[in-house]
Amino acid sequence: MSKAQYALVGDIGGTNARFALVARDSFELEHIQVLPCNDYANLDEAVRDYLAHHPEAEVHEACMAFACPVHGDTIKMTNNHWTFNKADMQARLGFDTFKYVNDFTAMALGTLHVADERLQKVGGGEGKDGAARLVIGPGTGLGVSGLVRTMTDWAPLSTEGGHVDFAPTDEVEISVLRILKERFGRVSVERILCGEGLLNLYRSLCEIDGVEPAHTQPSQVTEAALANSDVIAHKTLKLFCAIFGRVTGNAALTLGALGGVYVCGGIIPRFIEFFRDSDFRQCFEDKGRMRDYLGGIPVYVVTETYTGLLGAAEALKNQEVH
């Protein structure tokens, strides 16, 4: 009996490696499994362990997303011990095709295949068919990418947009900038719009108000804000959403993202209702004479758990991803 033809897709983070199989000409993820990276010496051990549980699948193609730079001949994970030469790894695994993409590039490509029920709309009209899309997401850092339609496919834009300068707009934000500038020298928006950035913002607001910080983890700040049990934590989360709105609006203007904005990452989906009620949308649109332009752009919060795997499946078949 012949085996079924599948491709292997992966989303490799610092802690976990997520794997799935996709059938030819399909984007449906099958046999999703999450493996702890620390349980394996390197990628090939994890892949072999995963495939050993699916002997019915014949796999000759693979695409994987990595939470680290992927240009060059060597993959060196930022937050775990895995490191390998690309050509050697492909030979060891015996794949005819093996594509490597950055994790946020995969996230951007994955938004093309997220089901409608996993998209939470936050204002705006309808996205323009074929127009550029912005994909942005606070998580461990601030990922910024885009999707531009070509003659054949959607081309992902790899950017370092999370490292643009933080531009304060009122006295409180100016004070935050001064405090963070003393600590970091240059202050990018990522110093505020990520997990550690939320903590930076909280500590700055505590310093402005002359109180000792009560929380030491970003999750503690979020929990206290949502429970309305800490005034400064609540103020922190509100300001986080407002600053994120301005930064997202700037990025949408730069890209011309009339196709819509897709908010990914692990932070915003944890408090969608708070986010929806925050000043995010107002600050997103607050661009003077460009207000109407931004007012029509829809913003979607992506709640799909495996967007990166969907993106790896897209990248494997996408002619714009090499």
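For all residues, glycine too, the Cβ spot is worked out from N, Cα and C.
Residues or ranges marked as ATP binding site in Swiss-Prot (evidence: sequence analysis): G10, D11, I12, G13, G14, T15.
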CB within-chain contacts under 8 A for D11 (ATP binding site), separation at least 6: A17, R18, M64, A65, D103, A106, Y306, G308, L309, G311, A312
In three-state DSSP terms, the structure that G13 (ATP binding site) belongs to: coil
G10 (ATP binding site), number of other Cβ atoms within 10 Å: 23
